[in-house]
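Asks: A single structure is presented below for examination.
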Amino acid sequence: MGRSVSDVGEPKESDIASHTSSHRQSDNVKAVHKVGLPTRKKLGTEFKETVKETFFHDDPLRPFKGQSKGKKVLLGFQAVFPILEWGRRYNFSKFRGILSLDLPLLDIGYAKLANLEPHYGLYTSFVPPLIYAAMGSSSEIAIGPVAVVSLLLGTLLRDEIDPDKHPTEYRRLAFTATFFAGIGLRDRVLIHAAIVGFMAGAAVTIALQQLKGLLGIGKFTKKTDIVRVMQSVWGAVHHGWNWQTILIGLSCLAFLLVAKYIGKRNKRLFWVPAIAPLLTVILSTFFVYITRADKKGVAIVNHIRKGVNPSSADKIYWTGSYTQTGFKIEVLQEAVAIGRTFAAMRDYHLDGNKEMLALGTMNIIGSLTSCYIATGSFSRSAVNFMTGCQTAVSNIIMSLVVVLTLEVITPLFKYTPNAVLAAIIINAVLGLIDFEAVVKLWKVDTFDFLACMGAFFGVIFVSVEIGLLIAVAISFAKILLQVTRPRTALLGNLPGTNIYRNVEQYPEATKVPGVMVVRVDSAIYFSNSNYVKDRILRWLIDEQEKLEENKLPKINFVIVEMSPVINIDTSGIHALEDLYKSLQKKGIQLALANPGEQVVAKLHAADFIEHIGQDKIFLTVKDAVAAFGGKPVPSV
């Protein structure tokens, strides 16, 4: 006889046992629970709920309910422009923290990674942060160019156009790629392990690229793999290295690393590493100016174009082959993940949809104002977090500082040695190498560790594009593996209880004579339905062989525990039908335990339950075993 669920939830087996016992004591009548068949929803209602859960799982329209039309309009504007909400409550008591004064310097260096002139890095730290300040919802994210995206963009664009031979076309393609990146912006699709490996590989690659400026090498390879870079470095050891440059670069790098160490050891001194880059630039620039080291082979920044962003709307490739190229170029976006990290630390909600809209809009507008791709920087955002930023005003301040730099300060950078910029970038990207995460991956998940190493070695030994491709491939491979090869488990009874658990995890669990209990730990779809059926049959063969060896009764009943099966499609139902037919030929009965709401509804609609019998559907494994008259015995 079948047993069932109530519509309010999935009760625990212990609760059911207690509930049944109380009924027996009070009514002296055996309680009967049938698996509940949910009320079928109208197609329109079901479609609406599915769309809402898929795209708007956090119910963004909730604040609009019960509001007047005027209030709804205001809430609509605030949803798109959060600055209208927090701006009304802003006061100078929230004006806390300091600005990381190395920002314009990093922007200059990052522009070089993207094979663009230095001022384009400054442009990218002016317009996009202002757009994000108006539309973004994170209090900590610092917007601007970042090392990994700059390197990746520069590498991908250089495969299409040589920036040295065709600088104008190269810039146009950069703006085009930025525009389409804004349109097609989406949250990351890479698993965490692949991102850890890719970021570490990119950090090593960026650091190696800076050896050109750090050692004063004039002629340097355009390749990014470690073999070519080291060949270029050692090939110039006798005639390309400049000892004055090396002295300046290594001294500045050592100072920056010591400052970072001080900041890590004492959280109250976080301002030391924040201000250290500015000090290195001031001191090194002054040293080069008074010694005229630039005349002794020390490469300097020289001229940086003054003035704010000019329009680049007419520079974008709207038609032609380069339009397709710009559309195809993908970049790694971590801004949403960064924002969620700091939001979790401060216990507030970050709306992913709003963030993607803000990031996309700022890149679209940025592409029209001579900017290349901007995103969130973890290191800069960490400074905002440490200084207690409570709103996006930090991005506005940063933009104002960049404007001041573009209009007034750029001439002061003339004698800044390139070695200092190289040292600042190396110091910044070293934070992208997360050794603790790699160790944890090794301990927790071998597949994730291999994914991490695959992405890492792909970047440093081949190229950034190949490393990213490996990261994406491994991420999708893991998803496909989990979807197409779900785990199944053989269950046994924990002595003294009504609970059935995996016999591999609980060796003390005992099996039931003549009964095999199997749990499927996934939804059953077309991608895995045949595997699930074949795996259950293989469990059956293995168990039958063990029973024959120990001269125990053969299996007459197979119970499939379906609590983890959250959904099933027609292919899955067809696989269950095939399983039922295969078991029938062997003289074995099939039963299902605790199918969920969607599953039982579809099984009813497909007439599968009527096919195997209503009395073969049970609320719990305990009920199914009891119906078949089985009692647990020690495992064989």
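Cβ atoms are placed via backbone N, Cα and C, with glycine included.
TrEMBL lists 505-628 with the feature domain 'STAS'. According to TrEMBL, the feature region 'Disordered' maps to 1-31. What TrEMBL records for 189-208, 241-262, 269-290, 356-375, 396-413, 419-442, 449-477 is transmembrane segment.
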Asks: Please work out the mean pLDDT for the residues of the domain 'STAS' (505-628).
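Replies: Result for the domain 'STAS' (505-628): average pLDDT 92.
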Asks: Under 8 angstroms for C-beta pairs, at least 3 of them, ignoring pairs fewer than 6 apart in sequence. Is the transmembrane segment (269-290) in contact with the transmembrane segment (356-375) by that rule?
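Replies: Contact between the transmembrane segment (269-290) and the transmembrane segment (356-375): absent.
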Asks: Counting only CB pairs under 8 A, let me know which of 189-208, 241-262, 356-375, 396-413, 449-477 has the most with the transmembrane segment (419-442).
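Replies: Most contacts with the transmembrane segment (419-442): 189-208.
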Asks: By a Cβ-Cβ criterion of under 8 Å, what residues six or more beyond either terminus of the transmembrane segment (449-477) are in contact with it?
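Replies: Residues 151-152, 155-156, 159, 189-191, 193-198, 200-202, 204-205, 223-227, 330, 332, 438, 441-442 contact the transmembrane segment (449-477) from elsewhere in the chain.
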Asks: Apart from its near flanks, which chain residues at least 6 from the ends of the transmembrane segment (241-262) lie with a Cβ under 8 angstroms of it?
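Replies: Distant contacts of the transmembrane segment (241-262): 213-217, 269, 272-273, 276-277, 279-280, 284, 287-288, 293, 296-299, 417-420, 422-424, 426-427.
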